[in-house]
Amino acid sequence: MRHLVTTALAYTNGPLHLGHARSTYIPADIFTRYLKLKGEEVIHVGGTDNHGVPITLTAEKEGVKPIDIVDRYHNAIKADLDSLNICFDNFGRTHSDIHIETAQEFYSKLKENGYIYEKEIEQFYCEKCDMYLADRYVEGICPFCEGEARGDHCEVCGRHLEPTELVNPYCIHCNSKPEIKRTTHYFFKLSAMQDSLKEYIENSPEMPEHVKNMALRWIEELHDWDVSRNIKWGVPIPGCDDQVMYVWIEAPIGYVSFTKQLGDIWKSYWLENTDDSKISHFIGKDITVHHAVFWPGILKGIGGYKMPNAVVSGGYLTLENKKMSTSKNWVVWVKDFVENFSSDYLRYFFMINAPLNRDTDFSWDDFQKRINTELIDIIGNFTHRTLVFTERKFGSTPIVDLNQLKDEDKKLISKCDDTEKLVDSLIREYNFKDALMEIIHLAKEGNGYFQGMAPWAIKNEERLKEVMYTCSVVLKYIIYLLSSFMPEKTALLLEYMNEELDLKVRGNPLKKPKVIFTKVSDEDISRMKENLMKATKKAETKSDEKSKKVKSGEKMDIIDIDYFGNIDLRVGQILEVEEVPRSKKLYKIIADLGDEKRQIVSGLIGAYDAEELVGKKVIIICNLKPAKLCGVESQGMLLAAEDDSIVSLLSLDRDLPVGSKIH
């Protein structure tokens, strides 16, 4: 049986953080190493995703070309993966001739098979920049929480957004308000595959249950998929001069193109007529649907390709029980971690801390505790005691007559065999936590045996040899089973044993062992916590400076008197105030404008009590286009001044009737 293992493509707009390592790369590497350890034919391919708006944005901000950003972060990401001992048979990039050619072949085949069609859509267009604006090129106010938001996502409340949902949208290049225009995009007829995708998911026995459940929920309401974008940087759509393929149709094709780079062997892994191969995709939870629904849909549309056997989806990682944020520097970068600790410690911690399919947290205190009291006090203790005692007493691993072993010796060796079989089964089910727990249990048994036998007190040399032989067998099994999880530390243990990576004890001369597992000190943890807080504070300072610039008007364009004259400002009086459900900031306000009453949604919770607002005369912009905030329509805007945390509504210094115009 052949195995193809793939990892989600890392996006080249930044280096890797611990969340990437936990959900995707470490488990995929453990799985690959283990299959290779068992002598099975397996290749591991991965790479970087090099196209899309975030990369062009970064390039524009830095005044460089997109390829410069791609080159920088492709190399940085590969260095991060190398530092974690993540091994690939090929690590490619989507901005390469073979990938672009393969992606265009896939697209053309989808079109030939009737799965691509044209459709008019509404999209923001900036007159000043003379360009259609992709989602990340538009920013504004989130309609749900009133926080600053991008066209695809609100960092404040975490909601996915469409650009046209933003309140007061503006082009990030020139700050002008874009208009909505109609344009033609290309769509993938995914809805036509609803029944076949459902059948595929339901009949994939190796697909994890949580992935099946998520995929089936999406398939129930399957829609066609916009697969083109009005940008220049990407894989050009065949026959189209002004659009490129959306990254989520072309990036997964990288799994095929990167395998192609290994030669004709790619056919034995990917083509439909090769029944003796399995495909396992390791990904993060946030892109489960893309791999369990969209990607299989593409493969079905092409025809002739094998479907993935398993989509192994790793849960989210929080940091100190808070959502990680790269913009706020609330994150631990891989580079910073490996400069301070062994990468094996991270591999161990992530796999033992929670099942892969569950969300989990990285806490510096928990990390220290698990490494010191579990890994070192159990596994480190047994391996060190066995090596030191055996080397000092015999100089080599003793070889004994197996028929002379006592029942307690045979029982422990039998436990080793049972553990090996159980670990094998668990790893093949992607259950890395329980597999690692079985190895820890075996080390506990070894510690108990060592302590109970008290080899330092045994006077009979033959019996002492039997005891230390038994301990050496346990040690060899631990090294063998742990090697996929902790390749660095087990390589050192194997070097001191002077053995090969298998389950046989040969009696070779031992090397004088040194301490392999060193404890994580309180000083180490204090330093890492301090570094995290410093980085976060630095990000907050930058954010504050940016906010001050916006508030001070540095980004505002000059307008003429005619433009100002188009704004309908009037005196209004607040009649009713109530909190908007599901919002921590918003009031629903009914205001009297003299000739009519208006409903206005405003983020004044925390600045004013509801009772304080009733009866107050305020200035209202009356000709704003209505917008929905948290599902409640707002038909205007109250004018207010703001400085840091202080918000003050604008009012009149003389009493005027409601409806009076402001000039």
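In case you wondered, yes, glycine gets a Cβ from its N, Cα and C as well.
Database features (Swiss-Prot):
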- Cys142, Cys145, Cys154, Cys157: Zn(2+) binding site (BINDING)
- Thr326: ATP binding site (BINDING)
- 563-663: domain 'tRNA-binding' (DOMAIN)
- 10-20: motif ''HIGH' region' (MOTIF)
- 323-327: motif ''KMSKS' region' (MOTIF)
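The local packing around Cys154 (Zn(2+) binding site), expressed as other Cβ atoms within 10 Å of its Cβ over all shown chains, amounts to 21. Residues of the same chain lying 6 or more positions beyond the ends of the motif ''HIGH' region' (10-20) and with a Cβ under 8 Å from any Cβ of it are 46-50, 52, 54-55, 58, 69-70, 72-74, 76-77, 80-81, 93, 284, 316-317, 319, 324, 326, 331-335, 337, 346, 350, 362. Long-range neighbours of Cys157 (Zn(2+) binding site) (same chain, six or more residues apart, CB within less than 8 Å of its CB): Cys142, Phe144, Cys145, Gly147. Summarising the environment of Cys142 (Zn(2+) binding site), the number of other Cβ atoms within 10 Å of its Cβ, over all protein chains shown, is 23. Each residue of the motif ''HIGH' region' (10-20) gets a DSSP state, and the totals for helix, strand and coil are 3 helix, 3 strand, 5 coil. Set side by side, the binding-site residues Cys145, Thr326 differ in how many other CB atoms lie within 10 angstroms of their CB, and the most is found at Cys145.
The CA atom of Cys154 (Zn(2+) binding site) is located 14 Å away from the CA atom of Thr326 (ATP binding site).
Per-residue pLDDT, averaged over the domain 'tRNA-binding' (563-663), rounds to 85.
With helix defined as DSSP H, G or I and strand as E or B, the motif ''KMSKS' region' (323-327) counts 0 helix, 2 strand, 3 coil. Residue counts for the domain 'tRNA-binding' (563-663) under DSSP, split into helix (H, G, I), strand (E, B) and coil, are 7 helix, 47 strand, 47 coil.
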